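Positions annotated as transmembrane segment by TrEMBL: B:89-110, B:116-142, B:174-192, B:212-232, B:244-264, B:284-305.
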Amino acid sequence: MIDDEVLAGHQQELRRGTVVMAALATLETPGYGYGLLAVLEKSGLSVDANTLYPLLRRLEKQGLLAAEWDTTESRPRKMYKTSDAGRNLLGTLEAEWNHLATSLNALRSEESNPHLKELP
Amino acid sequence: MSTLSSRYITAVSRSVPESQRSDVEAEVAAAIEDLTEARLAAGSTPEDAERAVLLELGDPMRLAADYSNKPLYLIGPDHFPTYIRLLKILAATVLPVIGVAVMLGSFLSGGDAGEIISGGIIAVMGVALHIFFWTTLIFAIIERSPDSKQIRAKWDPSTLPDTPPGGVRLGDTLAAVLVALVGIIYLPWQHFSSPFRDANGEPIPTLNAELWPVWIPLLMAGLLATAVLEIFRYRAGGWSWRFVAVNTVLELVVAVPLIWLAATNTLLEPRFVTELVGHGWADAALHLNVSVIVITAGVVTWNLIDPLRKVRIDTAARAKHPRPLG
């Protein structure tokens, strides 16, 4: 059987980039940090709080998220919204994601495997 | 907000650059409140909820590093290979020079054997600590400078070290045999040929005439055996553990008496030294004895270490390309 630690390491590596896509996609509707955390949790893409909050700040610094403090509620919260640049990046990443999925599926299908045996 | 939370926020903001501090403080405070509220809604007590949230956010220094994108390591993968290579080069060049220089200085100023050796070891250890500290400090600063990725050293395949081929070159063997033969011829020759003559017109030997019955034949036998070993090693195509064992014994048979005789000032013929002093070389005995000790110690150390480095390579090379003996 696969070592639990090895499995967890590979899963983490695979998921790392998907958090950015998930955040950019979800925040098309404006939201704040904890709201995003809860939505991702519910949709099965659970992220640690101490990963997500700094990530949001990084995306804001890169201009992929627009942010402003919302002071209408009982206490201030930082509201995030995907910017135009963020939307573009999300499109590019999704195309890349689909391309990877297609390539992987092609590798998994039987016809392509004989190529490997034909290699010198 | 309780004191525990505000202590946490202070700890995070302290590790964040001044310009981002108030913003990060507000973000962390909001995050703590949201997370705590969710836990309270799920039915935990305020103390448990706060504790759980702070544990979830984790070490404040780590969180601050994530916020400000600062490395959590002293020297990262960009500079680590250069750092290690530089440390190795410095250790291999500076440390031996310092060690020999300090021991030589201590010997010339009349220290005894214990002082000389302990002084050398302490000096080498001190310099090693300095090299390690300053190199690490400089690389840690480079790691933290904004454009450090651009000054990362380019690696080039031509800098790869040669693969040790194993085996023996004929030239090496001939040189080693020649050196041994020169020694074997010199030992008796110096007794009959000398720039100085005594009152009866007999030549004054360089080495102490009292060494003849035991020491000089022993040194000659040791040198002869070394030459024979070199020839056998050439025919066998390199070192084996048996050769290493014999070599170790032979090296010590020649080196230990030589160093001991020089250290006790019984190596040189007293009348020869008197002649040198008479010609104006006041410290002739001291200078010659030190030279013999330093050179012998250096050569024997190398001759003991070098085979240990080569024995595995040679054994592997022999296994791959067996060559007939004889």
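Using N, Cα and C of the backbone, Cβ positions are placed for all residues, glycine too.
For the transmembrane segment (B:174-192), the list of distant contacts is 203, 205-207, 209, 212, 216, 219-220, 223-224, 226-227, 230-231: same-chain residues at least six beyond its ends, Cβ to Cβ under 8 Å.
Here the transmembrane segment (B:116-142) has Cβ contacts under 8 Å with residues 74-75, 79, 82-83, 86-87, 90-91, 94-95, 98-100, 102-103, 106-107, 148, 151 of the same chain, all six or more residues outside its ends. For the transmembrane segment (B:284-305), the residues of the chain that approach it from at least six positions outside its boundaries are 100, 104, 107-108, 247-248, 251-252, 254-255, 258-259, 262-263, 265, 267-268, 273, 276-277, judged by C-beta separation under 8 angstroms.
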